[in-house]
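Input: one structure, supplied below.
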Amino acid sequence: MAIHAEGLVAIVVFYVLILFVGIWAAWKNKNSGVSDGGDRSESIMVGGRDIGLFVGGFTMTATWVGGGYINGTAEYVYLPDFGLAWAQAPFGYALSLVVGGLFFAKPMRSRGYVTMLDPFQQLYGKRMGGLLFIPALMGEIFWSAAILSALGATLSVIVDININMSVVISALIAIFYTLVGGLYSVAYTDVVQLFCIFVGLWISVPFALSNPAVSDISVSAKEAIYQSPWLGKIDPEDNWLWADNFCLLMLGGIPWQVYFQRVLSASSATYAQVLSFLAAFGCLIMAVPSVLIGAIGASTDWNQTTYGSLPPKDKDESDMILPIVLQHLCPPYISFFGLGAVSAAVMSSADSSILSASSMFARNIYQLAFRQSASDREIVWVMRLTIFVFGAFATAMALLTGSVYGLWYLSSDLVYVIIFPQLLSVLFIKGTNTYGSVAGYIFGLLLRIGGGEPYLKLPPFIYYPGWVTQEKIHHLTGDVEYFIQQRFPFKSVSMVASFLANVVFSYLTKYLFESGMLSHKYDFLDAVVSKHSKEIMDKATLVSNHDNIILSEMAPVKQALGASLAGTFINTEVLSDDGASSPEAFHNEN
């Protein structure tokens, strides 16, 4: 197997650049937040809460613009049965950032949380926080795996090296600088990442467009030349399916630690909102070259290229259309520059998901659920260990799973159906409690799993109205695979059912206990009668006094000075325009 020396050199140069920036960011900001009396662990999770507009705008955009985003968008524009009409990610995730900025960024940032799970544990207790950690963790791991999978495919096209080796090396580099610098390394490498993607792809597009094998993409958008028009179409029977997937991306793109990690690191609540809006615009801009590359792939006579007579779709290589176009339709020096830049950028976008998962585990599971007396140094080491463990797990998933877009949808499913309605309830609905949260969790999970999952070959046990049997042909082997497609919007229905179950069961249990119809001794979750039990995180107790967090400590909220909030759940300075100091205060108003 030949190794292209120029491609290898390009990759090494860009990888060294990303690694250098990551280590430099860690060194430059090693004392940020800590010098003000804050904790080192919090500095790793959310920086010194002093991320400015420039770096913040780039890192917020990079929440979604990474390997899965650029490869997946090009893939769906290229696929004959889908086209641009089904490449929903750019608009879906852009709108998720707008909705997140309008409704969720301000209450989360102004209350001074450290992770997305903080409000859940504060209101519903540490056990429910642990349950909600499971889909949050799986979402981050699947997203990281999608990124690494896209990266491995890209690298194998450039230099003809083993795809497994390329994924492992890339993951190790990302894990290394994340271990060293935490959020600062993630944020500063995001700036380089987006610059690399933008320059690398835009340099390549004109050369690919002018290749003799490529027909006019404005013609192939509406007329079939080498395959179906790349604009695509939505058949009437697929309207609900399209809407379900779009809602999944738009609303399911909000309740991610990888997003709130950026929100909570902003220097103020208003900045967090502005960054979300800037990132939404950035998502759309960064999708343009991917759409063009997908269109170019659909407009190419591959028989005239070095790729071969069969087009990528007939070799089951549609997910690699972006690196294939760059490799076979551009001059070598342009190809290697573009692919090298994109590869390094993709590698650096795996870091934030791994950091997000380790942040939630170290704070919400290890520290607040099991070791409230853990020292800051101990939490830092737990984070470092879990960064390595979760990184290894994501790498294994990347090597064992298929379609980039499949992983994308799968990861969003979990957070959309389970965590989004819970976040909606904890922030905006008065009176919800742990019983309602558990009921919502179970309802959402059963209804979603009941619909099946073709990407995991999981058959449905609930056949929703309009289901059909579809066939998938593997072109290389000729094998035909049959699966059930649910055309009913069952994911959105599962999300709404989860939300309603939370509200209904919360009010029902509150009525039953407070009216005396159920004895107080049956309030085993301490959610109604024993609301202020030590098992529930009281809004005034989760306050860091720069030593240990003790659940029973009724300490007054100490306003943080400087950029760091020192782990407090309540920031009294910025709460004046927010109405409630915490979810519990909000839920207990009446």
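Residue positions begin at 1 at the first shown residue.
Heads up, the Cβ atoms here are built off N, Cα and C, so glycines get one too.
Keep in mind that TrEMBL annotations are predicted by a computer and have not been checked by a curator.
OK, TrEMBL features for this one:
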type: TRANSMEM; residues: 7-27; note: transmembrane segment
type: TRANSMEM; residues: 85-105; note: transmembrane segment
type: TRANSMEM; residues: 131-159; note: transmembrane segment
type: TRANSMEM; residues: 165-184; note: transmembrane segment
type: TRANSMEM; residues: 191-209; note: transmembrane segment
type: TRANSMEM; residues: 240-259; note: transmembrane segment
type: TRANSMEM; residues: 271-296; note: transmembrane segment
type: TRANSMEM; residues: 333-358; note: transmembrane segment
type: TRANSMEM; residues: 379-400; note: transmembrane segment
type: TRANSMEM; residues: 406-428; note: transmembrane segment
type: TRANSMEM; residues: 435-451; note: transmembrane segment
Against the transmembrane segment (240-259), which of these stretches has the most C-beta pairs under 8 Å: 85-105, 131-159, 379-400, 435-451?
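By the under-8 Å Cβ criterion, the transmembrane segment (240-259) pairs most with 85-105.
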Please tell me whether the transmembrane segment (333-358) and the transmembrane segment (131-159) touch - that is, whether there are at least 3 C-beta pairs under 8 Å between them, with each pair 6 or more apart in sequence.
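The transmembrane segment (131-159) and the transmembrane segment (333-358): touching, yes.
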If we call contact 3 or more Cβ pairs under 8 Å (sequence gap 6 or more), are the transmembrane segment (379-400) and the transmembrane segment (165-184) touching?
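These two segments touch.
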So which residues does the transmembrane segment (191-209) touch in its own chain, when a touch means Cβ under 8 Å and the partner is 6 or more beyond its ends?
14, 17-18, 21, 54-55, 58-59, 61-62, 65-66, 70, 217, 282, 286, 289-290, 292-293, 296, 325-326, 329-331, 334-335, 337-342, 344-345, 348-349
Please figure out which one of 7-27, 131-159, 165-184, 271-296 racks up the most CB pairs under 8 Å against the transmembrane segment (85-105).
271-296
Six or more residues beyond either end and a Cβ under 8 Å away: which residues meet both conditions relative to the transmembrane segment (131-159)?
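Counting only partners 6 or more residues beyond its ends, the transmembrane segment (131-159) has Cβ contacts under 8 Å with 3-4, 7-8, 10-11, 66-68, 70-72, 116-117, 120, 166-167, 170-171, 255-258, 319-320, 322-324, 327, 335-336, 339-340, 342-343, 346-347, 349-350, 353-354, 356-357, 360-361, 364-365, 390-391, 393-395, 397-399, 401, 404, 407-408, 410-412, 414-415, 418-419, 422, 438, 441.
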